[in-house]
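Chemist: Below you'll find the structure I mean.
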Amino acid sequence: MIRIDSVTKRYPDGTVAVDRLSLEIPDRSITVLVGPSGCGKTTTLRMINRMVEPTEGSILLDGEDIQRRPVTALRRSMGYVIQNAGLFQHRTIVDNIATVPRMLGWGKQRARERAAELMQRVGLDTSLARRYPYQLSGGQQQRVGVARALAADPPVLLMDEPFSAVDPVVRKGLQDELLRIQEELGKTIVFVTHDIDEAIKLGTMVAVLREGGRLAQYAPPAELLSAPADGFVEDFLGADRGIRRLSFFDSAALELTTDSVVPADATADRIAAAPDPYLLVTDADGRPLGWAERDGQAGGDLAAERLLPYGRPFVPGADSLRVALDCAVLSPTGWAVAVDDGGRVTGVVSQQTIGEAIRAAHTERAAHTERSAHTGSRTHPRKDEAGVAE
Amino acid sequence: MNVLNFVNAFFSDSAHWHGYDGIPQRFWEHVQYSLLALAVAAAIGLPVGLLTGHTGRGGNALALIANAARALPSFGLLVLAVLLIGFGLLPVMIPLVVLAVPPILVTTYEAVRSVDPSPVDAARGMGMRESRILFQVELPVALPLVLSGLRSAAIQIVSTATIAAYVSLGGLGRYIVDGLYQRDYEKVVGGATLVAVLALLTLAVFWAAGRLAVSPGVRRR
Ligand SMILES: Nc1ncnc2c1ncn2[C@@H]1O[C@H](COP(=O)(O)OP(=O)(O)OP(=O)(O)O)[C@@H](O)[C@H]1O
Ligand SMILES: [Mg+2]
């Protein structure tokens, strides 16, 4: 565990970049530092590997003050990834990745094998190994940066806005890749970003910093969204935090109905028995074909009808309530289609039912937050939470 | 008679091709003076340039000294050196080295300074030592510029080493000095042509060195 203990950084020109910051960074999880430009995120991160020395306070790594460790040894035990990857232009990709193992005295062959292994891990084709950095796209370079930081298998990974210089699509890919790698490797990652969506997506814990390097709130993302500590955090989270918060609710508990799901060869009686004005028509395998109006159907061959598109289905359990709601909003009938892993319809659910589930989930979560507030959580649930919960 | 005729006459005269005053001998002497001056200048300019460039300190002082050195006339320095220490190789080396250090020093300093800071930051962050950062991260990227500083220093040395002849030493300057004295313009033009050829050869050597020593990742080809 990394413990930042009331650390202050005052630069020689008098700028206070970090002000009495205390954070406990749990092992094997992603802790995100987020906040507006100039709030001291980079300074905080760089104090962890002693690229910047604190003016006051101390930082403990597994209980030991990092000042007591030789600086090179400390840095070699921490991977470091920066914004523009910072690759060595004169070295091939494989040699870039092998840098730290080589510094640690590994043989050339072994270091290169390790590098090739890491290229695969970060989703780079090994045919790129002999290329030079300028021959790679920005996204690929960033992957190399991550691979280089992981090369000597350090327990800690420090990442300073590693994905902010690439376009949104590539960024999403890199984020997903990081989560996957983290799943496999379980590193202690400290991740700096100014993008709150990135923070919420990646963070196990999120520390929101404000101007002047003070901590505004330190909480898991779901709690951040449900209970911002103050107006600053609330503004920083943005206007649609209610919707985004739904990402943290499971859709498994949604009550599905199959009353209006009919096969293409349904009889007129079956159609007449459906309670709702629209029918979801499925093929012989149970896969969705589209929506049909119930009234005026003779039955026999619904697939021959002009069906309304069923839109994007969701997978209960795998997808969040946010996805389910999105499906319902996009559906021409206002009903979301639920499917299993194989794409077979398991039922449909109305916007209204989803709305009720959201209210229920909020009530439950609020009660839970209330409890954890008494057991030492650092957050202060806002008093006027009525707009979101209850 | 025009210049080309002079050149033709000088090189086709077989008497010019052997002996202590023959072209091979004078050429070799000139190369030796130039290499020695370049080596001494590099031994001063490179370390100082690399170190100040890496730390980023002392840049202003450096520019000041370099500009002052550039203002010194080589011939005047030669005369002064001879007056102070007499004839020999040393008084010739002094103006040549003074001439060559500034371009090496200033270009090396600039070359290291202008290296993209993010790989350096990454290297430091992964626990690389400063000397290794300088030689394995900064220098390989700065190398094309460092070489260009050495190249312009070398070219200036080659053309200025003719002054060695004024203090009774050899080199290609012999032809020019003696030719002027004897009003043998064939000799003067021949000597000047040889200096130009050596300058071109120097360019070729540096081009080849660049091809060999600079990583394709930096050359981007
Ligand atoms: N070397 C330095 N000397 C003086 N002031 C500095 C130095 N480095 C950073 N600062 C100042 O400290 C404050 C925090 O800087 P820092 O780089 O930590 O911010 P940041 O949160 O990473 O910002 P950004 O999102 O723009 O990267 C800023 O006001 C900055 O100007
Ligand atoms: Mg920053």
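A Cβ is built for glycine as well, from the same backbone N, Cα and C atoms used for every other residue.
Nobody curates TrEMBL annotations by hand; they come from automatic prediction.
Below are the features listed in TrEMBL for this protein:
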- B:27-206: domain 'ABC transmembrane type-1' (DOMAIN)
- B:33-52: transmembrane segment (TRANSMEM)
- B:64-87: transmembrane segment (TRANSMEM)
- B:157-177: transmembrane segment (TRANSMEM)
- B:189-209: transmembrane segment (TRANSMEM)
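Relative to the rest of the structure, where do these features sit?
Modeler: Under 8 Å from some Cβ of the transmembrane segment (B:64-87) lie the Cβ atoms of residues 94-96, 98-99, 101-102, 105-106, 160, 163, 166-168, all in the same chain and six or more residues away from its ends.
Non-local neighbours of the transmembrane segment (B:157-177) in the same chain are 21, 25-27, 29-30, 33-34, 37-38, 41, 74-75, 78, 82, 87-89, 91-92, 95-96, 99-100, 187-188, 190-192, 194-195, 198-199, 202; each lies 6+ residues outside the stretch with a CB under 8 Å from one of its CB atoms.
The list of residues near the transmembrane segment (B:189-209) in space but at least 6 beyond its ends in sequence, with Cβ under 8 angstroms from a Cβ of it, reads 3, 6-7, 10-11, 16, 23, 26-27, 30-31, 34, 147-148, 150-151, 154-155, 158-159, 162, 172-176, 179.
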Chemist: Which sequence-distant residues neighbour the transmembrane segment (B:33-52)? Criterion: at least 6 residues beyond either end, Cβ under 8 Å.
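Modeler: Sequence-remote neighbours of the transmembrane segment (B:33-52) are 58-59, 62, 89, 92-93, 96-97, 99-109, 111-112, 134, 139, 146, 149-150, 153-154, 157-158, 161, 164, 169, 171, 198, 202.
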